[in-house]
Amino acid sequence: MSSLQSQTNLSDNLLHVEIRIDQDSTNETSEEDPVEGEEESPLHRMTIDLQLYRAFFEGDVRYVTSLKPQGITLALLEWNNSLATKVDNWKSTPLHYAASVGNLETVKLLLQHEKSAAYMADKDGLFPVHIAAKCGRALIIKELIEQLPHSDELLDKKGRNFLHLAIVSGKGNIIRSISDNCTFLRMLNARDYQGNTPLHLASEVGDLRFVRFLILFKEVCPSIMNNKGLTPVDLAMKNTEQGLLHRLNVHYNLLRLLMWAEGLPSAHRLDRVTVDLGLPEYDKEKEIKNAESVTHNLAIISVLTATVTFAASFTMPGGYRADADQHRGTPVLSRHYLFKAFTVANAMAFVLSILATSWLTYAGSSNVDFKLRMTCLIFSVQMVKIATKATVCAFALAISSVLYQVNMTLTILICVVTFVILLFSNPSFGVFSLAGPIRKRRGWGAFLKPVNHLTRERVDVGLGHKFSYMFFEVNVGVGQRFSVMILSRIFLNTVLFAIIFLFALI
C-alpha cells in the first residue's frame, strides 16, 4: 500500500509540475495561439502532457517513455530504474517501443540506465535491434551496435540477425549508415537456420539495390549454398519471370549482376536443373496474353509515329518557294545539309514505323504460329525503337536547319543534347549502375572477361525457352560480356546518327 501511495504521490507531483509550467506559459501567451516558431499552443502541450500522465496511471509505461524522452522518461527512470525492463503482454520492453518509433533520445536514456533491456526478446524472439531494423531506424541501429558491439549475435527464432530482418522487411537502406562498422562486416556471410546469407535473402526478395551494395564487399561470397543447396544465382534464376522479359526486370538484372560478380549456380545435372530448382512451368496461355498486350501498345506507338512523320513531310521547316520559277512549291531550305539530314531522319522514322505496324498485325493474329508471332513482335520492337529515335533526330534537325545561319552555337548545342538524350533516355541504361560494384570487386579487367561457361550453361538450361524470345534482348544475352553490352548501346545510337548524316550528303 505504501509503495502504491508513493507511486501516486510522485505521479501527482510530476503532473502538478508539468501543469504549472504550462500554466505559467499560458499567462504570458494566448491559450489558442501557438508560440512563434512552433505549431502547438501551451494549451495543446498541456493536453498532450495530461494524456501522457493518464497513460502512466493506466499502466502503459512503454507508451509514455517512447514519446516523451526529455521530461517524464528521465524522471521515471531515476525514480525506478527497473521500469526499463518492464514488459507488456507481448514481452515488449520500453526499448522495443522506442526503437520502433525511432526515438533516439529515449533509446540513449534507456541504455544509459539499463543496458540489459537490449538483450530482452519479445514473444516473437525479436530484440530491440531487430525492431529497429524492421522499421528502418538506421540511427537507432547505429546507436545500439556502438553501445553493444555484439548485437549481430542476437538472433530471432529463425536464426536471423538484424541484417537479415532488414532485408526481408525491405529496409536495406539502413546498411549504408553502418557499413563501416566491424559488426556489419561480421554479418556479411552470416547464415540463418535455413542457411541463407544476406545475399540469399536479397536475391530472393529481388532487392537489387541491396545486392549491388553487398557485391561491393569482397568479403561477400556469392556462391554459398543454403540448406536446400541453392546459391544466390539459383534464387535469382528461380524468381525470374518467364516469357516476355524486359531487361528492366529486377531479378533479371540481379541475375546478371551475380553472374558478373562470379557467382555460381549449384551443381545440378543439366537435365534436372529445372526440376531440382523448382522452376515454374511455362504458361503458354499467359504468354499469349502478354504478347497481345505488348502488341497493342506497340501498335499505338508505331501508328502515332507514322502519322507525325507523314505530316512533317508536308510541313517542311523554312516553308516553300512561292516565286514563279521552275522550283516553285519546293522547300526553301532544300539545298542545305541539315535540311537534307532532317528529310532522311523523317523518312527513316516513317518507313520503319509502317514496317513495324505491318509486322505487328502478324504478331497480334491468333491464327499465326506462336513462334512466328514472337519473331514479328521482337523485330517490331526494334523497329519502333529506331523509329522513335529517328523522329527525335528529325525534330532536332528541323529546328537546327532553321537556326544554324542565325545561331550556330545553339544549333550545335541542340544536336549534342539530342544525341545525349537519345543515348541515356532508355531506362535500360540503368545497367550502368551495375558497373560500379563489378569494377570495385573485380577491377576494370572484369568488363573484358566472359562469364564462366558452366554458369552460362546452367542458366541457359534453367531459363530454357525464355532465351529464345528475350524481350528487348536480341543482340545481347544474359551471359554476354558487360563491355559488349555497354558498347552495343552506344554503337547503335552512333550508327543511327551516322546513317542519317551520311545519306544527307547525297
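Just so it is clear, glycine is given a Cβ too, placed from its N, Cα and C backbone atoms.
Since we're looking at a predicted model, the values are computed, not measured.
Feature annotations, reproduced from TrEMBL:
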- 21-41: region 'Disordered' (REGION)
- 29-40: compositional bias 'Acidic residues' (COMPBIAS)
- 90-113: repeat 'ANK' (REPEAT)
- 194-215: repeat 'ANK' (REPEAT)
- 292-400: domain 'PGG' (DOMAIN)
- 298-317: transmembrane segment (TRANSMEM)
- 337-362: transmembrane segment (TRANSMEM)
- 383-404: transmembrane segment (TRANSMEM)
- 410-432: transmembrane segment (TRANSMEM)
- 486-505: transmembrane segment (TRANSMEM)
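If one looks beyond the transmembrane segment (383-404) by at least 6 residues along the same chain, the residues whose Cβ comes under 8 Å of a Cβ in the stretch are 298, 301-302, 305, 308-309, 312, 317-318, 333, 336, 338-339, 341-342, 345-346, 348-350, 352-353, 355-356, 359, 410-411, 414-415, 417-418, 421-422, 493, 496-497, 500. Residues 158-159, 163-164, 167-168, 170, 172-173, 175-176, 179, 187-188, 221-222, 224-228, 230-233, 235-236, 239, 250-251, 253-254, 257-258, 261, 433-434, 436-438, 441 of the same chain sit 6 or more residues outside the repeat 'ANK' (194-215) yet have a Cβ under 8 Å from a Cβ within it. The average pLDDT for the repeat 'ANK' (194-215) in the predicted structure is 91.
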